[in-house]
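The Mg(2+) binding site annotation in TrEMBL covers Asp31, Glu218. TrEMBL lists Asp31 with the feature active site. The substrate binding site annotation in TrEMBL covers 32-36, Arg44, His48, 76-78, Trp80, Arg82, Arg199, 205-207. Here TrEMBL flags Asn79 as active site, proton acceptor.
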Amino acid sequence: MSSTNLQKWTASDLAPDGAGAAPRHVAIIMDGNGRWAAARGLPRVEGHRRGVEALRRAVRAAHELGVRHLTLYSFSAENWSRPVEEVSDLMNLLRLFMRRDLAELHKGEVRVKVIGERAGLPSDILGLLEEAEARTRGNSGLQLVVAFNYGGRQEIVSAVRRIAEAVRDGKLAPEAIDVGVVADHLDTANIPDPDLVIRTSGELRISNFLLWQSAYAEFVFLPLHWPDFDKAAFEEALASFSARQRRYGGRTARAGA
Ligand code: IPE
Ligand code: IPE
Ligand code: MG
């Protein structure tokens, strides 16, 4: 991990609001598994395997750093366009993760929530995802939001469709549609918007992730590949976040008269 001049984030910076506050919700675009493997002459699947280990580290670090909601972009709606062998490797790794890690997550009071399109997923995967949600529903620790077969545009389209159906059925007046109504029809209903979105691999794009929800998120792009992500990288991102002033279009007291 390269060092930066940014102040190190510590637990004492915890505050509910304002500059210096720790992010309540961190969302991560876990990118760079393939390049990590290629740089070592390894098959891509090895990068994905090591990516699962980084994912475990991220969940642990989120818990230790006081993050309340952690969203992980695991498979995008567009990732189906990859070669079938790679898609199948990724599906198998999700199966393995859900089977091996669910008990441990449950023990750690983690509450799992899955966002993304469920229709068309292999039925055993669907079963594992639903089991993870059902088993951990009552937990009070970190909320782990797994974005699987997720696309921000697709999510908005399906919300619009359900809102249109409610209007058609006379359950909702068009004038009553506001930001809150739209938010309530997204997969992320009841989850606070991400305060911080992290992307690894050095790519500077959002790739159809949380388009609506990240309207006022802070972004941190880390110059490392996902398999190298660790607690120090997480802390570096949090330090960058805590040094920023969020204005939401308004002005802060510090901005001067
Ligand atoms: C992220 O790593 C994992 C998924 C998108 C599922 P990539 O597989 O995208 O790795 P790069 O970006 O090709 O290096
Ligand atoms: C975004 O990474 C999706 C996930 C991390 C699951 P991609 O590697 O698919 O994104 P692009 O293709 O570089 O935009
Ligand atoms: Mg990628």
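The first residue you see is number 1, and the count goes up from there.
Just so you know, glycine gets a Cβ as well, placed from its N, Cα and C.
TrEMBL labels come from automatic prediction, so no person has curated them.
Since we're looking at a predicted model, the values are computed, not measured.
All features noted in TrEMBL, drawn onto the structure.
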residue : record                 : DSSP (3 states)
Gly32   : substrate binding site : coil
His48   : substrate binding site : helix
Ala77   : substrate binding site : coil
Arg199  : substrate binding site : strand
Ile206  : substrate binding site : coil
Glu218  : Mg(2+) binding site    : strand
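Ligand 1 lies under 6 Å from the Cβ of the following binding-site residues, listed in sequence order from Gly32, Gly34, Trp80, Arg199, Ile206, Glu218: Gly32, Gly34. Taking the binding-site residues Gly32, Gly34 in turn and counting surrounding C-beta atoms within 10 angstroms, the largest count is reached at Gly32. Shown in sequence order, Val87, Leu90 are the residues of the chain, 6+ apart in sequence, with a C-beta less than 8 angstroms from the C-beta of Asn79 (active site, proton acceptor). Neighbours of Ile206 (substrate binding site), defined as other CB atoms within 10 A of its CB across all chains, total 16. Taking Asp31, His48, Ala77, Ile206 as the candidate binding-site residues, the subset whose CB lies under 6 angstroms from any atom of ligand 3 consists of Asp31.
Within the set of binding-site residues Trp36, Ala77, Trp80, Glu218, no residue has a CB atom less than 6 Å from any atom of ligand 2. On the backbone, the CA of Trp36 (substrate binding site) and the CA of Glu218 (Mg(2+) binding site) stand 26 Å apart. A straight line from the CA of His48 (substrate binding site) to the CA of Glu218 (Mg(2+) binding site) spans 27 Å. Each of the binding-site residues Trp36, Trp80 was scored by the number of other CB atoms within 10 A of its CB, and the lowest score belongs to Trp80.
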